[in-house]
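What TrEMBL records for this protein:
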ACT_SITE  A:289  active site, 5-glutamyl coenzyme A thioester intermediate
BINDING   A:264, A:265, A:266, A:267, A:268, A:379, A:383, A:403  CoA binding site
DOMAIN    A:16-216  domain 'Acetyl-CoA hydrolase/transferase N-terminal'
DOMAIN    A:325-464  domain 'Acetyl-CoA hydrolase/transferase C-terminal'
């Protein structure tokens, strides 16, 4: 069997099993730690075999811990057959989302950099089976990850048992990963990383080979990313952001190489980063969680010299281009555990410029990244809090309106707070940007309304603020109307106040 | 002049001026960086001379940046004469608070660890005059701080000019301070601190002596802290917290020496820490911003071996006891800049147990630390966000009701969010504690209501939640009623719903 070459430790050859056999070990009530971060590097066989058991009529539920979102429709199928008890820390699947919002699955929406700490400190459930996608297993039992590193190291260290899925369809990324565990709180040293390109760990996950109880072979590419290409509005947003950065250079706060860039998952953040392709900036570095298409466009354009990440999530076309010609990129990339890609120590030390997507923000700069109308989960906070809280520049981007103008992304009070006004430096829409740094709440309001809100909502925002300011306060509000825009949308399908009949 | 002994560099002897003279240099529109953190180590003469200028009829306004809150009624007098344009990052004075809430002074409420970064990155106004309290100036121009370190180093580095107030009434703390600047983001090394007692910097603030334009002598003690002694309810809260910690030990997550403790400013946090005096815990360490009375009680009781801080703020009685017999404590203390005492890198590395006070929290664990009824500033976020976001255990304490029961500190939705549910691990009231770690929002609700809410509000909270849950969502809410407890209080003076007449 040619595949056996991928298992360089011959003592492990007898661990090869079918996906069905491995899935058969999983029992009701267990906790699974699955590889996978923003669709990349997820395990693609054992989860499906588990779904088949449920489809055949078996009753069971498991906790599903991951890096971030999964591809391969795993979350969708898990939700459809209803085998999830608790899901942690991020998901992005519409079917799963529906079940979560219906209260059928518990979802612990958590900062991506913290999951490893929770596992290490034994605060959350111990992982019964870590199921990790790999390129290969080395002679001394090191598991070489594929297109994401995620929580793989933390799961492997914490798990009672490990199942490895060796995916022969994945590109040969051996040597690209940098696995570093900071060790226990109170006993650890500083994380010795001072530049985005520093290598501080091992190229694979070193485990006791006895913990590897099963090895399954697969041959299936990652699910391509679901981002949509940049459009006119996102290009305008990118231009606003570039203007802001140019002004920072003019003010002497940044140089032309800027600072290491982080960009969140999703079309808008990708498009904004893509907007730098045509910019004058050069010798840029990226220190991010996920690399989307835009980063490779920037490498191709000679703009980005080096990118540190936790996963590579590309569109179908970009996947062919990048993995079909990988030697071009190999020495420009490093992949780290999400605990390190998103670690506050590193984010603050490097002074990242952090660009993440908001669902909505309010006139004082509080940001909602997760909850539609304050109640319904979209995807999760992901790494946005890790970055925003510690970055040199925490930038949030969103289009100023949604649903054809019936939703204003700028509201009097956000219906859910993920990032407080303390942690939000700059907000950007297609209308413009507001630089909130060093401003008191009352100073922020005119900048946000005038620079960022859609013209059709400006008067309504000013009316709210003027009524609020008459009542006074550090952060003036008319509490009984603060969430009325959201309730208006729920009742009447629009945030627009009814026009008086003349 | 005997005082001149305190200026060991004779070239600086001719810089001695009166407070009036120094205050005379300050012009309309300037920015002042004042020493002072939680009333300790504030400058006591030049600010008052500045107030006198305003009282004499001069019209001017200045920006006032500090470590944290000031003593000596400086904020009160500044507010009374109305000379403040912008105040940053924390205050705790009732008169100042009133002016802020009336919109007469701009207040930038900010994480205490971030101010130095904002100054270093040139994001906020440059400090025209750093006015710093000192014990002495060394031969090579090093300024030795007094009872707080605050932002003194950052102000001194950033300021165009420095005025030093040598306070001969302050205890001789030379050798206690540890001044370390991490340097610019992107160019800095890891902060080399791995234990609460590590010394990493200098004993004073090294400045170019030419920047010291004036030296004023004062002889006045710090304002004593305003904390009230522990009462029965705070003792009960302390006991709940101790029970929680004991359980953590039982579960193997902590050892009997716990982890370095941080406790916020205020009576409740002080009382909870005081509750450890009678506990079985020993060889404890403190890594906090302010040391209040309780820490010295714990040192006296042989419970605390070492305490790192940014300021020492004591009651009048405790001040006499501690500073009257300081040799007993000298080798158990170190004082750091607030950038370091509150630095995310260190907080996460050491794995602090962090105890801070909440104004209110909601059924999902979001915490409001600052805004009364969502609009009126109390003091500011202070260090609570620095600690909560990165601690091993982020614990928030509050009494379950206020105003004789008319306010419930546990509400359906907090009226202002300072700490999101992602960052809050444990909430404690006199009713009990709720351990929220690893729980989905719907799992948190019963624990918070049953363990923490006052019995008189439990049914009301359950009624709200049940209505909310029928609408569904990851975080169920009845948006049009979410803030109704606060509006009810504003209208009717109570959060209690009207009892139906039978």
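Note: Cβ is positioned from N, Cα and C throughout, glycine not excepted.
Taking the features listed in TrEMBL, we show where each one sits on the structure.
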| residue | record | DSSP class |
| --- | --- | --- |
| A:264 | CoA binding site | coil |
| A:289 | active site, 5-glutamyl coenzyme A thioester intermediate | coil |
| A:379 | CoA binding site | coil |
| A:403 | CoA binding site | helix |
Quiz prompt | Largest tally of Cβ atoms lying within 10 Å of a Cβ, found at which of the recorded positions A:289, A:379 | solution = A:289
Quiz item: Rounded to a whole number, what is the top Cα to Cα distance in Å among the residues the record ties to CoA, namely A:264, A:265, A:266, A:267, A:268, A:379, A:383, A:403?
Solution: 26
Exercise. Would you report the average pLDDT that the model assigns to the domain 'Acetyl-CoA hydrolase/transferase N-terminal' (A:16-216)?
Key: 97
Exercise. Kindly report the helix/strand/coil residue split of the domain 'Acetyl-CoA hydrolase/transferase C-terminal' (A:325-464) according to DSSP, in that order.
Key: 52 helix, 37 strand, 51 coil
Quiz item: How many Å separate the Cα atoms of residue A:383 (CoA binding site) and the residue listed as 'active site, 5-glutamyl coenzyme A thioester intermediate'?
Solution: 8
Practice problem: Can you grab the distance from residue A:267 (CoA binding site) over to residue A:289 (active site, 5-glutamyl coenzyme A thioester intermediate)? Cα atoms, rounded to a whole Å. | Solution: 15
Exercise. Select one residue from A:265, A:268: among these binding-site residues, choose the one with the most other Cβ atoms within 10 Å of its Cβ.
Key: A:265
Practice problem: Among the binding-site residues listed here (A:264, A:266, A:383), identify the one with the smallest other-Cβ count within 10 Å. | Solution: A:266
Self-check item: Around the Cβ of residue A:267 (CoA binding site), the count of other Cβ atoms that are within 10 Å
Solution: 18
